[in-house]
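Accompanying notes for the structure given below.
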Amino acid sequence: MKDIATPNRTKDIVEKYGFSFKKSLGQNFLIDTNVLNRIVDHAEIGSESGAIEIGPGIGALTEQLAKRAKKVVAFEIDQRLLPILDETLAPYGNVTVINKDVLKADVHEVFSEQFEEGQDVMVVANLPYYITTPILFKLLEEKLPVRGFVVMMQKEVGDRLAAKPGTKEYGSLSIAIQYYTEVETVMTVPRTVFVPQPNVDSAIIRLLKRPKPVVEVTDETFFFEVVRASFAQRRKTLMNNLSNNLNGFPKDKELLDRILTEVGIDPKRRGETLSIEEFATLSNALVLHKLS
């Protein structure tokens with residue numbers, strides 16, 4: 001049987017079931033097996049590994065994962081795809097398709113039901129563009145015991161995840177993802193290898209979870225509030241952004257100026273110039289004056 005991810009086989013499956021693509025679900029099917037193999041290779045899936053997929057579509061990536069992994073669990077929100085997946089994944093007895101929105105699912109419950117304790121598990125997915133960041137944050141914040149993620153996403157979002165201080169892509173998203181994971185851009189994927197063709201190019205990004213966050217912070221929630229406030233208006237200085245946007249902190253510019261100076265950060269700098277280490281130092285100093 002030919003791989004699913006070829007133009008002809010994809011076309012045949014779509015026509016056979018009279019499937020119409022829903023733009024609202026970000027449905028773009030990959031038709032290049034080489035790209036799929038790069039995704040699976042970088043996930044380093046072995047014969048004892050597990051994989052979680054989100055948005056399997058007609059099963060193109062699922063099929064490649066099933067050939068290598070011990071167990072594959074795929075979350076698919078679109079009921080119309082279930083009979084198609086029943087057919088395309090019939091040769092593989094190690095795949096479970098769950099008809100749920102991953103953002104609303106109890107992922108810990110699914111994880112404990114489907115995988116063995118201590119099993120090596122990766123999240124491997126061609127993520128729907130419109131919910132890429134909510135999915136990543138849900139799985140990171142809920143501390144799902146996975147080794148990491150190899151995910152395809154809009155190139156622009158991938159650039160933001162991997163961005164360094166001082167670049168226009170760098171922002172609160174870069175810091176939040178790099179706080180939890182090591183980020184690597186595997187490759188750029190042209191829009192031409194999808195059906196239907198999206199308006200933008202994609203990128204494959206690998207995120208490997210750190211054993212512990214990259215910096216030590218006294219109050220994690222407050223740390224992220226400081227980061228978000230610092231980027232509230234990109235053209236404004238740290239001083240302006242923090243005095244106007246940091247909730248739970250006294251509206252006292254003199255105090256703010258003193259703390260910034262004490263930790264060696266010029267109040268006139270902009271948020272995009274600070275490293276994650278500087279944000280941690282700043283947050284740990286500011287939290288001492290937080291309003292209770």
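Just so it is clear, glycine is given a Cβ too, placed from its N, Cα and C backbone atoms.
Annotation source Swiss-Prot lists S-adenosyl-L-methionine binding site at Asn28, Leu30, Gly55, Glu76, Asp101, Asn126.
Overlay of Swiss-Prot feature records on the structure.
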residue	record	contacts (Cβ under 8 Å, 6+ apart)
Asn28	S-adenosyl-L-methionine binding site	Phe21, Asn126, Phe194, Val195, Pro196, Gln197, Pro198
Leu30	S-adenosyl-L-methionine binding site	Ala5, Leu36, Gly57, Ala60, Leu61, Asn126, Met152, Val193, Phe194
Gly55	S-adenosyl-L-methionine binding site	Leu25, Gly26, Phe75, Glu76, Ile77, Ala125, Asn126, Leu127, Pro128
Asp101	S-adenosyl-L-methionine binding site	Phe75, Ile77
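All chains included, 24 other C-beta atoms sit within 10 angstroms of the C-beta of Glu76 (S-adenosyl-L-methionine binding site).
Residues Asn28, Leu30, Gly55, Glu76, Asp101, Asn126, recorded as contacting S-adenosyl-L-methionine, have a largest CA-CA distance of 21 Å. Of all Cβ atoms in the protein chains displayed, 26 besides its own lie within 10 Å of the Cβ of Asn126 (S-adenosyl-L-methionine binding site).
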